[in-house]
Amino acid sequence: MKLTDNVLRSFRVAKVFRENSDKINCFDFSPTGETVISSSDDDSIVLYDCQEGKPKRTLYSKKYGVDLIRYTHAANTVVYSSNKIDDTIRYLSLHDNKYIRYFPGHSKRVVSLSMSPVDDTFISGSLDKTIRLWDLRSPNCQGLMHLQGKPVCSFDPEGLIFAAGINSEMVKLYDLRSFDKGPFATFKMQYDRTCEWTALKFSNDGKLILLSTNGGFLRLVDAFKGAVMHTFGGYNNSKAVTLEASFTPDSQFIMIGSEDGKIHVWNCESGMKVAVLDGKHTGPITCLQFNPKFMTFASACSNMAFWLPTIDD
């Protein structure tokens, strides 16, 4: 089944889970698409089975809190950032609920975390104005970059380069093997004082970069030329909430939730809005991602919703 405008318009909430007492701050699908794991401001980690459509288990990170949870390539392991006490990144085995390793180094809150799509490397960006490069096998930082502002960062789909959005005004591209030589490309954007960038994502085909903000718009950028292709708006975000925006796996569409529980979908190429879906969420939709392998997506406020299409094209 192929994603089309009509298929997207047909999506409806199939299941809602109320496992959390506070907002879900992040979730991540496993590479197989079979499970999704969430982190929440209530200090819990919840693992869901996407095929059976039910929560499998709940773990807690009471002391340090949990945010920016990400699957690694090994089965049943995740990395995540702390949101209280310290700014250490933690590597957890879900199998026995034990920490495998800690990654200390950042002196302020980690705001961006990206796992390499190909190996055990990951990068983290922090309010301490640094990006650090790590290897899951070592607690020591493998590389450090000092920047001129708050960073958001992500690997490209090949895992050969990473992009850093700095101070909400420029995107720099780095070659992973020689990042200490500085960026090989820098794209300056129009600075907007009304909001800041909250995330940077590549499309799966590597051609597009999506810049999310805590304002009322998103920017879609050509990953090779740095030109802004589209600015997407018309959704509600009056309280400057961090709303997650995502590409669909085919790189054809972009979606974002809003503070009023609706999901807005645009066509990347034309820039046209193709759907507004009502998730009936009780709060702002802070997290939204399409499943990498199956025709389903998930959205979250303090509740988690699984969506399915109601037509088969």
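Backbone N, Cα and C define each Cβ position, glycine as well.
Features of the protein shown, as given by Swiss-Prot:
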type: REPEAT; residues: 19-58; note: repeat 'WD 1'
type: REPEAT; residues: 105-144; note: repeat 'WD 2'
type: REPEAT; residues: 146-184; note: repeat 'WD 3'
type: REPEAT; residues: 192-231; note: repeat 'WD 4'
type: REPEAT; residues: 236-276; note: repeat 'WD 5'
type: REPEAT; residues: 280-313; note: repeat 'WD 6'
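For the repeat 'WD 1' (19-58), the mean pLDDT of the prediction comes to 95.
Between the repeat 'WD 4' (192-231) and the repeat 'WD 3' (146-184), the number of CB pairs under 8 angstroms, six or more residues apart, is three or more, so the stretches are in contact.
Residue counts for the repeat 'WD 6' (280-313) under DSSP (helix as H, G, I; strand as E, B; rest coil) come to 0 helix, 13 strand, 21 coil. Below 8 angstroms of C-beta separation, residues 65-71, 73, 78, 80, 83, 92, 94, 244, 283-284, 286-287, 289, 291-294, 296, 298, 300-304, 306 of the same chain, each at least six residues beyond the ends of the repeat 'WD 1' (19-58), sit close to that stretch.
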